Protein chains: 2
Amino acid sequence: MTASTPQRQLHLNINALHSGFVPSAWRLPRSDVRAFVDVQHYVRLARIAEAGKFDAIFLADNASIADQIHFRPITALEPTLLLASVAAATTHIGLVATVSTSYNEPYNIARRFATLDHLSGGRAGWNVVTTADAGSARNFGRSAPIEHGQRYARADEFTRIVKALWDSWEDDAFIGDKNTGRFVDTGKLAPVAHHGTFFDVHGPLNLPRPPQGHPVLFQAGGSADGRELAALHAEAVFSASQSFEEALAYKREINARAEALGRGPHAVKILPGLTTIIGATEAQARQRRDELVELIPWDYSLNRLAGTLGIPVERLRLDAPLPEKIALPADGNHTFFRATLALARRERLTVRELIRELAGGGGHRVIVGTPDQIADDIEHWFRHGAADGFNLMPDALPDGLQDFVDGVVPILQRRGIFRTEYEGTTLRQHLGLQRPAGRTVTRAAA
Amino acid sequence: MTASTPQRQLHLNINALHSGFVPSAWRLPRSDVRAFVDVQHYVRLARIAEAGKFDAIFLADNASIADQIHFRPITALEPTLLLASVAAATTHIGLVATVSTSYNEPYNIARRFATLDHLSGGRAGWNVVTTADAGSARNFGRSAPIEHGQRYARADEFTRIVKALWDSWEDDAFIGDKNTGRFVDTGKLAPVAHHGTFFDVHGPLNLPRPPQGHPVLFQAGGSADGRELAALHAEAVFSASQSFEEALAYKREINARAEALGRGPHAVKILPGLTTIIGATEAQARQRRDELVELIPWDYSLNRLAGTLGIPVERLRLDAPLPEKIALPADGNHTFFRATLALARRERLTVRELIRELAGGGGHRVIVGTPDQIADDIEHWFRHGAADGFNLMPDALPDGLQDFVDGVVPILQRRGIFRTEYEGTTLRQHLGLQRPAGRTVTRAAA
């Protein structure tokens with residue numbers, strides 16, 4: 001490689017999960033227990049990540065109380081509003097919000113993300129999800145979740161409508177000529193006129209095309225339906241892989257599926273989740289991990305693990321391996337199910353050991369080590385094709401993020417695989433993604 | 001009245017209608033034609049209004065292209081996101097967003113306003129509307145709008161659920177005790193368990209009770225159903241009255257309806273819409289009005305007026321009075337219909353004169369005059385019981401607002417009817433409204 005060939009660059013998102021990924025993070029002496037409802041906490045995270053030249057801040061979401069809140073914080077503040085507020089306090093970092101296709105209307109969601117893109121100058125991303133949990137279903141008039149296949153069929157149709165709405169204005173439809181009094185060239189607007197299985201949406205959208213053309217589409221496809229949805233629409237995927245081999249296979253599969261759909265050979269960026277527990281020495285990092293795990297009640301962790309695996313908690317024994325037969329749950333998160341089960345089987349872990357390896361968490365990989373060890377791991381996955389970057393979920397926030405930015409980012413920068421300055425201003429530019437061309441709908445204005 | 005009895009205070013909201021209320025406002029030399037998609041425009045308006053000690057910034061909304069955009073801007077950016085961004089740039093001013101009950105889900109809306117209230121420190125307000133236009137219906141799977149009575153029945157049920165969700169956490173349910181590891185007292189959460197005509201919603205909400213208990217509920221009830229909805233739920237109403245007598249009657253009626261429902265004698269603040277066109281002399285103000293009206297194509301104004309009245313545009317002749325028989329449209333905005341028709345009949349105006357009196361607008365009252373004349377008018381309505389304040393919609397923005405804050409506000413302050421400093425930090429405190437007590441649901445935690 002010569003100096004004139006720019007090296008492929010790593011992408012880093014911060015998953016701004018309230019007090020941090022480890023369920024006991026809120027109990028650390030320096031943690032703010034009110035972080036989960038404090039916009040200033042999220043502003044702080046975004047600013048630290050922006051100083052570290054991260055691609056984006058990412059917010060998960062749920063439409064019900066989806067964890068055991070007697071013990072730990074949940075996703076509470078609605079992500080698109082929270083990021084609209086964060087946008088006002090930042091200048092470059094991308095803003096990626098999770099919004100479900102299961103209990104929303106495409107017109108409203110097209111509009112919210114177009115708005116976020118306009119008000120952030122082209123920094124919006126949408127993590128397209130379906131909602132599988134029974135608690136959410138009961139908040140939207142249903143006694144049970146929408147069936148898995150239907151959920152994904154709805155998500156596909158929903159996403160197609162949203163894209164069409166974003167394209168319902170040509171880029172130059174807005175004129176604003178004070179002299180002639182022409183405000184919009186209505187000949188450059190067209191209805192969507194969608195009549196589908198789940199939705200009828202006429203359009204056009206009631207605001208101009210977003211600065212990015214389309215806000216960047218993220219997805220997290222674990223199941224077969226989810227992988228196909230990712231191949232159809234995702235520009236980047238938040239994956240969950242516990243091993244290099246799983247990650248490599250997943251990345252190849254998604255891109256092969258996308259290529260089979262005519263999207264080119266490297267259409268989808270794969271960003272596995274990665275929890276970091278950082279210490280000046282490996283021993284110190286391990287001690288931090290063990291102290292955090294000790295602060296989590298075992299009952300909490302057992303119930304959470306049982307939930308991930310879709311089995312009654314009574315089937316788990318702390319000092320025994322997982323039960324031999326565990327069926328893929330019809331509903332629930334297949335990504336976390338597979339990753340958790342694979343880790344336990346491969347390493348032959350007892351339930352107690354599994355919970356410790358997961359740092360009490362729910363399926364994402366945890367690295368415990370020094371900044372150099374973490375940088376080595378990241379570089380290995382990145383250089384050998386298992387990841388295009390990572391969705392970072394530090395043990396505790398903001399400290400775990402600050403430690404990563406201070407300790408790991410400079411190493412990655414010295415190794416030439418992570419930017420030292422932003423080269424663009426939009427999330428698409430950070431990710432090296434093309435701006436979608438949009439439709440040409442020009443006709444004689446009415 | 002003695003010095004120790006605080007005088008009743010006027011309330012002022014700024015209706016931040018993109019470039020301003022007059023349809024040609026965007027064509028003025030100082031106007032920014034991109035204001036309707038520029039968050040900085042709204043931040044500027046909020047800051048000017050906050051410097052003028054206004055109660056709130058208010059944003060209207062539509063879920064379709066609801067005006068003739070070949071000529072003028074529309075409500076484009078989604079209001080709750082826009083206000084989340086404005087919240088980050090302001091400290092005191094209330095933030096009131098319009099969101100429709102017709103094409104949303106109560107769980108999502110309860111969450112969005114609770115989020116806005118949390119991230120603004122208790123400054124959120126919700127303008128509860130129903131959506132009557134055919135264009136919006138077609139964006140949400142319907143060939144026609146929901147029938148009028150059904151729309152309001154749905155709005156009532158929707159609002160009751162949202163309030164119940166806000167109350168589904170007791171104020172002190174959140175604990176966050178690092179020592180004991182207790183995060184939330186789940187015994188202080190209760191499901192909503194609502195099973196109604198339009199919605200089944202289980203709850204509880206997935207975030208703590210908003211700082212204000214309930215974000216302030218606004219409404220704009222024109223029809224009989226709308227007035228009843230206002231009496232049931234509204235804490236403040238954006239009304240449209242062209243004359244003092246209409247305003248007085250409307251204010252008495254709403255408060256009588258609210259009292260009949262057990263809400264006390266002065267439960268609902270009435271804030272008529274008020275467009276101001278300010279000049280150093282009355283002649284200069286009239287000249288400004290005429291110049292603005294001349295910049296509006298007559299075709300635009302005729303079509304808009306026909307839309308407000310629910311008649312074909314062919315029935316209007318510029319230099320004739322309105323047609324004699326105009327029926328109340330089954331759908332459409334009854335408030336604007338009534339106010340417009342009343343003005344034309346009372347003043348015996350030709351269509352051309354009516355359009356000039358309305359400054360090309362759609363039903364709200366327009367005052368054209370000096371700061372003293374405008375202050376006199378405001379004081380008259382306020383002191384004699386026709387209004388608790390006004391929803392100000394200046395001719396052009398930000399200039400018309402700046403002129404009001406510089407010219408009219410100091411007069412109102414000198415007369416002792418408008419605050420010179422904020423006394424509280426929440427919108428409820430600005431409006432002198434009690435914080436709702438919430439439910440007591442305490443039981444043994446699970």
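Every residue gets a Cβ built from N, Cα and C, even glycine.
Taken from TrEMBL, the feature FMN binding site covers B:Asp61, B:Thr98, B:His148, B:Tyr152, B:Ser223. Sequence annotations record features per position, and here TrEMBL assigns domain 'Luciferase-like' to B:38-386.
Spanning the listed FMN site, residues B:Asp61, B:Thr98, B:His148, B:Tyr152, B:Ser223 have a farthest Cα to Cα distance of 19 Å. Around B:Asp61 (FMN binding site), the same-chain residues at least 6 positions away in sequence with a Cβ under 8 Å from its Cβ are B:Thr75, B:Glu78, B:Pro79, B:Ala97, B:Thr98, B:Val99, B:Ser100, B:Val129. Sequence-distant contacts of B:Tyr152 (FMN binding site), defined as residues of its own chain at least six apart whose C-beta falls under 8 angstroms from its C-beta, comprise B:Thr130, B:Ser223, B:Asp225, B:Gly226, B:Glu228, B:Leu229. Around the Cβ of B:Ser223 (FMN binding site), 21 further Cβ atoms fall within 10 Å across all displayed protein chains. In three-state terms derived from DSSP, B:Asp61 (FMN binding site) belongs to neither a helical nor a strand segment and is classed as coil. The DSSP secondary structure for B:Thr98 (FMN binding site) is strand.
All protein chains included, B:Thr98 (FMN binding site) registers 20 other Cβ atoms within 10 Å of its own Cβ. Over the domain 'Luciferase-like' (B:38-386) the predicted model carries a mean pLDDT of 95.
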